[in-house]
Amino acid sequence: MSGAQARPARAPRETVEVTRPTSNATLLARGLARAATGGAKLAGALPDVVLVRRGVQADPAVLAAYLQLVGEEVRDVLPAGYLHTLAFPVSTAMLARPDFPLPALGMVHLANRAEVRRPVGVDEVLDARVHAENLVPHRRGTAVDVVAELATDGEVVWRGVSTYLARGVRVPGADRPDDARRPEWHAPEPTGLWRLGADVGRRYAEVSGDHNPIHTSRVAARAFGFARPIAHGMFTAAKALADVGPAGRGDAYAWEVEFATPVLLPATVSVCVTPDDGPGAGDAAGAFTFAAWSRKPHLTGSVRPLR
Amino acid sequence: MADTTDRPTRTRAPRAEANDAGGGAPRRAVVVGGNRIPFARAGGHYNHVNNRDLLVAALDGLVARYGLAGERVGAVAAGAVLKHSKDFNLTREAVLGSALAHDTPAYDVQMACATGMETIVGLANKIRLGQLDSAIAGGVDSASDAPIVVSEPLRRALLDLNRAKTPQQKLKALARIRPGHLAPNAPTTGEPRTGLSMGEHQAITTAAWGITREAQDEIALASHQRLAAAYDAGFFDDLMTPFRRLTRDANLRADTSMEKLASLSPVFGKRLDAPATMTAGNSTPLSDGASTVLLASDAWAAEHGLTPLATVVDAEMAAVDFVHGRDGLLMAPAYAVPRLLARNGLTLEDFDVIEIHEAFASTVLTTLAAWEDDDFCRDRLGLPGPFGKVDRDRLNVHGSSLAAGHPFAATGGRIVATASKLLAQRGSGRALVSVCAAGGLGYAMILEAAA
């Protein structure tokens, strides 16, 4: 992943403290307001701010429910996916800013890259910092990276880059990239099967704080062109991370995922979670790749130990 | 207990006997005999009968055959795979309901389909160490009387309701219950960590090894024909107690044929790219049944005027990482057997009797294929070349689980009793037993004719 890639030297962004999470009502109201005004079909510049929320901490009850839902053992170390949920309210606050150039409502999660740089314990008090970068044209609209970091005493212990797509929004002056076709999909040999109930959208919303109604409401899903509610991408990615398991990923790891076709709930999904070097690999931590698909791929990704 | 003194109790083996192999080496543990009830198909003859009943039936038959009524046996170890939480002391309860003396200690063991193997090996080791002089190993399962549990949200809500102190807390717990939570969950053969059933896992392995439908059906046909022939020859007469009007395994189809087996539709592997080959005919059915094996020291057997059938020589467990597709779910015996034979300085040719549990016909075939495969044996087993070829005339000669059925925990006892009697009939030689199990587990055991 691009974690090591340094940002060009520039004036530090303005720091804005976030003291309380953006409510769903606010998000919805702003989204609807945008829709009512016809929405901005041309994206402006990204706000040059870093949002900071101090004193973020795991809730043991929510953590246990999260771990059980995604298929992790309940332990006192936070997996990358749960750390994502700790930073998520701050990311949401960024997307919901009136000066954010893309509409938060209806955004598509294209990809997610995260690093756990050292094990983070359930009791650690963390500062979440979020900025946005890489506002780039995409063949279906405009993509943006929301970069979140969790740090303690200035040490970044987790960093996540979420790439979102605003469909139909264009960057002024930028050419739309060619309609690059995805390479033809060949399903690997499955190693497992996920049976995802109709309620996993609601259950993941409860443990992650991502209450986007596209995951919980048939009506909302329809409004965005899906026949049924769709699974949270991060829920499926977290399940794949759980399937790799602690022995495979080690203490510090990079976890990357690209989302393709959404999973319409309920669903039965084939999965392959396997060492990169295929059969014959030892049990020591090594790179894993994963994929989940029905007829078409839902997500592909990898988990790679960092040391 | 004072009231046991008038019974012919047997004291612990004197230290001298424990050491009679010399130099402190363990003495040998022998298989004296075995007894099981005929295996039924789930929902058949043993409907509405529970694990304890089935285990008692197998135990009582063994007790009757070897004249152990009212006697204290060193220990009874048994287990079930599909086990109710109320049966936390299943084996002890079965002993209390059996003809054995009530002061016979008992404990439960659970190692999926290898449960029976582990009870035998664990007890044999205690006998070898002089901790026991006699023991009964066993296993039982009833797919007909399987535990059904409430859904996870309902269970948690009920537990919280139970803990609630105020009416408000109680209402809060109750309010969490949704109509959908009321549907009960029956146990499945699904692997908890992968969500694939055992059959679906094996279908992947079957496809990876290119095992044909015909080869699987041939294994199934041989299993039925050989088991039927063994019944006709009276082989099981002293290994079985009829139960509930069942005198032979209910799954046995003596008149089956390649044509009949070929007419069955595949049930596993239908999501795979490769053609599906696994049918109800070449896969074991869900079954009910129980088995027991009587183990002892030579001295105990002699004292009881009993002739040992076989010696438990050694055993090896293995496990594979099926979760990440490194190996097939049921391929652990492919690792256990070569390790066991290497430790004992033996090769496959050194065995006169080979028993490979037929979880599916293709389990046998993928195991044999792996042992003949140069790459697998070099890369995975670390051997210089292929492990070896199994002589099919020595393999499952009296049929196996495809014909007999497979009440999970009872299979080890069935196979070890059969192999031990085969060795006793031969009067010499060795037997190799291999059993695969859920969770990527495998178990291998060497038996030797006792004579």
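Cβ coordinates are placed from backbone N, Cα and C, and glycine is handled just like the others.
Those TrEMBL annotations? Automatic predictions, nothing curated.
The active site, proton acceptor annotation in TrEMBL covers B:HIS406, B:CYS436. TrEMBL lists B:1-18 with the feature compositional bias 'Basic and acidic residues'. Per TrEMBL, the feature domain 'Thiolase C-terminal' maps to B:307-448. Per TrEMBL, region 'Disordered' is recorded for B:1-27.
Here the domain 'Thiolase C-terminal' (B:307-448) has, by DSSP, the following mix of helix, strand and coil residues: 62 helix, 32 strand, 48 coil.
When pLDDT values are averaged over the domain 'Thiolase C-terminal' (B:307-448), the model yields 98. Fewest other C-beta atoms within 10 Å: among the active-site residues B:HIS406, B:CYS436, that description fits B:HIS406.
It is 12 Å from the Cα atom of B:HIS406 (active site, proton acceptor) to that of B:CYS436 (active site, proton acceptor).
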